[in-house]
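Starting off with a structure, shown below.
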Amino acid sequence: MKRRAGLGGSMRSVVGFLSQRGLHGDPLLTQDFQRRRLRGCRNLYKKDLLGHFGCVNAIEFSNNGGQWLVSGGDDRRVLLWHMEQAIHSRVKPIQLKGEHHSNIFCLAFNSGNTKVFSGGNDEQVILHDVESSETLDVFAHEDAVYGLSVSPVNDNIFASSSDDGRVLIWDIRESPHGEPFCLANYPSAFHSVMFNPVEPRLLATANSKEGVGLWDIRKPQSSLLRYGGNLSLQSAMSVRFNSNGTQLLALRRRLPPVLYDIHSRLPVFQFDNQGYFNSCTMKSCCFAGDRDQYILSGSDDFNLYMWKIPADPEAGGIGRVVNGAFMVLKGHRSIVNQVRFNPHTYMICSSGVEKIIKIWSPYKQPGCTGDLDGRIEDDSRCLYTHEEYISLVLNSGSGLSHDYANQSVQEDPRMMAFFDSLVRREIEGWSSDSDSDLSESTILQLHAGVSERSGYTDSESSASLPRSPPPTVDESADNAFHLGPLRVTTTNAVASTPATPTCEDASSRQQRLSALRRYQDKRLLALSNESDSEENVCEAELDTDLFPRPRSPSPEDGSSSPSSSTSSEDEEELNQRRATTRQRNAMRRRQKTARDERPTGPAKSTNTYIGEDNYDYPQIKVDDLSPSPDSSPERSASTLDVQPSRAPPAANMESVERKIYKAYKWLRCSYISYSNNKDGETSLMAEEADEGRAGTSHKDNPTPSSSKEACLTATAQRDQDLPSEGCSSDACKEGTSAGNPNSGAGHEHSSHPWAEVPEGTSQDTNNSGPLEHSFETKKLNGKALSKALSSRAEEPPASPGPKASGSTLNSASGNCPRTQSDDSEERSLDTVCANHNNGRLHPRPLHPHNNGQSSGELETVACSSPGHLDTDHDSPSLTGTFLHKDCCGSEMACETPSAGMREDPPDPSGLDSSKVVHGQSGLKRHRIELEDTESENSSSEKKLKT
């Protein structure tokens, strides 16, 4: 390099020369030269800066030329580097006097480069003076500080983002006790914040769960825009504006970098490359180039990736995915977390898990390595196994995986092994979720084997750095998870090992490459679908789970495992955990399937007819006594409401069916006996039935045959006029009953089948013929039934839907199966009732007549209560048939004719109830005929009373 006048007559570095030289004629010649220089490179020269004692978590160039570089890390120190001096003469950095109590995560220069802000895990932001290295102020937070940004127009204003989910705006001129302005307050952590360089009222944030957002200071607590479209709820860890403030670059966990226009929620481009992965650590990104035409990001595969932003917005194709990096910078020996670009010198700085800061430049620097074509490959290293990491921690004598007490700038094997273990676990977790049929060891090898890394080969420091423990002869191939093909030439022991795992045949390499291609195709397909479809929300949520900043595991976790334990045992334990998880998931699926297949209840009838009462009536117990003292002492006619469309429990149904069946048999036999005995003699069947009832008389009561014939004639005439559907209603409303209250108790406890009280529901009939409803109404005293019916009519209508008379319901013939006890009871009753008309019941509503026999025996069918009467499949059946039976015997009533044979006027409420419930004209005519017949026979009844 020639000496130049005006430069002090001293030799200057390339960086200083490029920044200080003056070109006459075209002021843009320098930018054009540097742009062309970078565009023609396939690799960059690299050089390491040594000074930190631990991981370097934050780096920032100074403004207006990038003359200074500030760095901070796990050693809790803030170092200030003069770039020209550090590159040329290896001058030690300046340590600022303000020291944190824990890891440093973020740094920022003010616009004049006179102050430096640093924040970290100790929940505070320290303001440093660059010239004096003194601490100017401390700003306390409630949690760890992850991001810092200084206002581009006011050096007194800065923003901080912290783990407590708050973005705070601070003014350094305020008193230390003043409260900052809270711009955002979320339950999840903010990892990054940045002022817009052109519009300082706008800020961009990266949240661990809410993704990337744009904020306005004038509108706190509510973001202006949430980027990402339908996939906005993603775990974002870094966000950067370009120099014009028109675009945003963001990093997301387990997803490639994404570029947004600040006015659009949808991404402009996504950038991916084979081998790029971002999952294990918190990283940052930046723009590069004098026109921000490149982007930069570190990766978990120890490489630094540079993509070129296409000039055409449609260049990315489907999903706008830029697949293929412009440049892959290889040289780091562990994960790359931080990267910054200096637009004035085209210099790139990167750092991460290592203690070094690596400088990348298109110009050859003193003591640099590498070339611009990528033909020179450096040595790479093997990954430490988890057992080796535990062994290193235990043998070090310290319980920590990193120790800064010795203040060494050399590579720490424990720290490298710790993050190697993180990478292994992350890849193993990915392989367990993948549907690939390859083994885990193959997936581990292919993930790292394709990403060939250059070694850490600084001429001065590499000789003193300890090498990773070489794999022994007895190690399996799973332990030999290495980073690309290794050229091990420095250690004789390693070179003399015959069975080195670094050698692989062509078939295994081809297998690894093909598997990785399939994996990359799936990733690209998923990325394409994310931008154009809304069907990948679940997959995005799976990828956006919060990953905390890595902490070193406790040494007790692996204390029971000696350093000589093989990876097969580790795989065995992993397989056992997975098998347990699969068994637990399978058991849960079986339980869920069993719950889904479990029947929810008895089958319901799906056929619905007009007039069907579908109201869910309350269930009333069968044994409830009637509250009315004037009605039958046994039960009231309206004591049971059964929902038509819902079957009661089997036990209750069978009990009610048996009662109804017995009562019907007895009623049918007694009625047929009256109709067949026209000679005035009481039927033998009726006598046997009456003799079996407790509390009844055994004396015969002669009845004139003429009155029976008149009764049958009137019944036949009424049968012709009475509709089959409405016959039960008016017959029940007109028929009244009263019994001897003294005989109720004895009759209730009768042991005979026909003496049991009928509590209405259903009867099974023969499907070969139609069902005809039989209702017998024999009047003794019209007061009891009339009151029961009137109380029924006064109840409000239960269902808003229309009701047909009798509340019809279609019931299949098999709804009420007959049990063996029912068949035996039927056979026993058939011996008593020989004449049963082939099992068909004929509707013969009997009007109140004046014979003595009818005055003592009353069997009333209350037709207005819901129940079941099964018919043919095509004919609806009358529901809700209640059988209300009087307790008095015919002989007892004949012995006391004056007490039991008084006639009361019909209760008008009973007549009104029939009009309310049944509105058919045929029923009204039937009621009038019954009233006429009643008036004609009143004279004969009066004679009996006297």
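Every residue, even glycine, has its Cβ placed from backbone N, Cα and C.
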Quick check on the record annotations: which of Ser175, Ser628, Ser799 is tagged phosphoserine by Swiss-Prot?
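Checking Swiss-Prot against Ser175, Ser628, Ser799, the phosphoserine entry points to Ser628.
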So which of Ser118, Ser507, Ser533, Ser724 shows up as phosphoserine in Swiss-Prot?
Ser533
Looking at Thr500, Thr703, which one is marked phosphothreonine in Swiss-Prot?
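Checked Swiss-Prot: the phosphothreonine annotation sits on Thr500.
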From Ser468, Ser552, Ser626, Ser632, pick the one Swiss-Prot annotates as phosphoserine?
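Per Swiss-Prot, phosphoserine applies to Ser626.
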If you check Swiss-Prot for phosphoserine, which of Ser462, Ser531, Ser737, Ser877 comes up?
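The phosphoserine feature in Swiss-Prot corresponds to Ser531.
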Determine the mean pLDDT over the repeat 'WD 4' (185-225), rounding to the nearest whole number.
95
For the repeat 'WD 4' (185-225), DSSP counts of helix, strand and coil?
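Going by DSSP assignments, the repeat 'WD 4' (185-225) contains 0 helix, 21 strand, 20 coil.
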Could you give the number of helix, strand and coil residues in the repeat 'WD 5' (277-317) as assigned by DSSP?
0 helix, 15 strand, 26 coil
Please count the residues of the repeat 'WD 6' (331-370) that DSSP assigns to helix (H, G, I), strand (E, B) and coil.
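Reading the DSSP string over the repeat 'WD 6' (331-370) gives 0 helix, 20 strand, 20 coil.
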Going by DSSP assignments with H, G and I as helix and E and B as strand, what are the residue counts for the repeat 'WD 3' (140-180)?
0 helix, 19 strand, 22 coil
